[in-house]
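Q: Pulled these from TrEMBL:
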type: TRANSMEM; residues: 20-41; note: transmembrane segment
type: TRANSMEM; residues: 50-72; note: transmembrane segment
type: TRANSMEM; residues: 105-123; note: transmembrane segment
type: TRANSMEM; residues: 144-167; note: transmembrane segment
type: TRANSMEM; residues: 173-192; note: transmembrane segment
type: TRANSMEM; residues: 225-246; note: transmembrane segment
type: TRANSMEM; residues: 252-277; note: transmembrane segment
type: TRANSMEM; residues: 284-302; note: transmembrane segment
type: TRANSMEM; residues: 308-328; note: transmembrane segment
type: TRANSMEM; residues: 349-370; note: transmembrane segment
type: TRANSMEM; residues: 376-396; note: transmembrane segment
Amino acid sequence: MTLPPALAPLRSAPFRLLAAGQGLSWLGDALVTVALAVAIVQRGGTASDLGVVIGTGMATRMALMLLGGVWADRLRPQRLMVLCDIVRAATQLLLAVELAKGHPSTAALCALYVVTGAAGAFFRPSLASLQPLVVPETDRHAANAFMGLLQSGANIGGPALAGILVATAGAPVAFIANAATYVVSAVTVALVRVEATRAARRPLWHELAAGWSEVRSRDWYWKNLLGHSVWNTAWGVLAVLGPVVAMNRLGGATAVGVIGSSIGVGGVLGGFVAMAVRPRRPLLAANAGLALTGLFAAAYAWPAHHLWAVVASAVAAMLGLAFLNACWETVVQDQVPHGVLARVSSWDELTSFVGIPAGNAVAGPLAAAFGLGHTLAATAVVFVVSSFAPLMSGSVRRLDSTHARARAVEPDPA
């Protein structure tokens, strides 16, 4: 049977294995995001305890991300991914044991999230290195869109499934389920049979410098990184202040849930759009779509405070974000030599992780100083400006999806 172009990646057995494993893994991650919060609060913990645990894991992941990029370029990505999945499966089981005690130690939870975050720092660049190898070059865009669709679907189904699982079986069971998804991911990745040429190793510092040199030498890349970093900071602000508006003025917890669901729906719709549409000038189209997030923040800032406006703008915003992610990943895979792809991608991951917690941190003080409405209105402007600013560069606007593919060779060290 002939598959439509949007589903062409499914012809590849390595892609099917990778997608199946990652889809389950993302579902498991969404499960424990809810389960951890419930477990800590039910056992007498506070929001600060939850923030410390999550923040510790995130800080570890940020600190090691560039190092993870180096090792993902040194080794076969499958080997590193399997190791990381095994480590994460073990930490999830230990977290389940700790939570099952009834009075989990915050220090113990933090220690386990440090290990989980460290494994994630090595896993994510490895995935970025492996993903373009499992499909033909012509199917990369559809493959990236399909993976984004899976992740959006997991973000919708995971919290709902977590609520049922935690209510009926308890939070530790959710962590056991997540451990099982990591085991499945490790098995599927181990079965992926693709190879990439790896250059001779150089000193660690030289390889880090070579990765930075590749970032710096691509005008279109680092200008988008700056825009994305500012965008992520604005998203961190909105992630804190949006729920405050929803709770106080849009209908409380029900409104928060409806808006959260609409975010997931927008991501799924964006995945379908990205699978069907590959623009000739991907960064021009994708950054324009990303600017739709300005509507999301503006809907919260709108004095009338209509829930329907927030819901509709959330769908539009996430559609634009999912479309951008598919286009961006494809451009990076096509234009960056595979020998440095993990190191280059790790810079993208790092700037994203830095921006969001920074926005979380400044949201409260900004709202206190300038007012909730004014802060959200300014956030809407930042979304739009950070999306369009990279397009002021001709290298971004004119980058064409028909450009010659990058040479898959290792560059000279910086």
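Sequential numbering from 1, following the chain as shown.
Each Cβ is built from the backbone N, Cα and C atoms, and glycine gets one as well.
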Q: Counting only CB pairs under 8 A, let me know which of 105-123, 144-167, 173-192, 252-277 has the most with the transmembrane segment (20-41).
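A: Looking only at 105-123, 144-167, 173-192, 252-277, the most contacts with the transmembrane segment (20-41) come from 144-167.
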Q: Pairs 6 or more apart in sequence, C-beta under 8 angstroms, 3 or more of them: is that satisfied by the transmembrane segment (225-246) and the transmembrane segment (284-302)?
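A: Counting Cβ pairs under 8 Å (6 or more apart in sequence), the transmembrane segment (225-246) reaches the transmembrane segment (284-302), since there are 3 or more.
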Q: Checking distant contacts: for the transmembrane segment (376-396), what same-chain residues at least six beyond its ends satisfy Cβ-Cβ under 8 A?
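A: Here the qualifying positions are 219-220, 223-224, 226-228, 230-231, 233-234, 237-238, 241-242, 245, 283-284, 287-288, 290-291, 293-298, 300-301, 370.
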Q: Look over the recorded stretches 105-123, 252-277, 349-370 and say which has the most C-beta pairs under 8 A to the transmembrane segment (144-167).
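A: Looking at each of 105-123, 252-277, 349-370 in turn, the most contacts to the transmembrane segment (144-167) are made by 252-277.
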Q: Of the listed stretches (50-72, 105-123, 252-277), which one yields the highest count of Cβ-Cβ distances below 8 Å with the transmembrane segment (349-370)?
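A: Looking only at 50-72, 105-123, 252-277, the most contacts with the transmembrane segment (349-370) come from 50-72.
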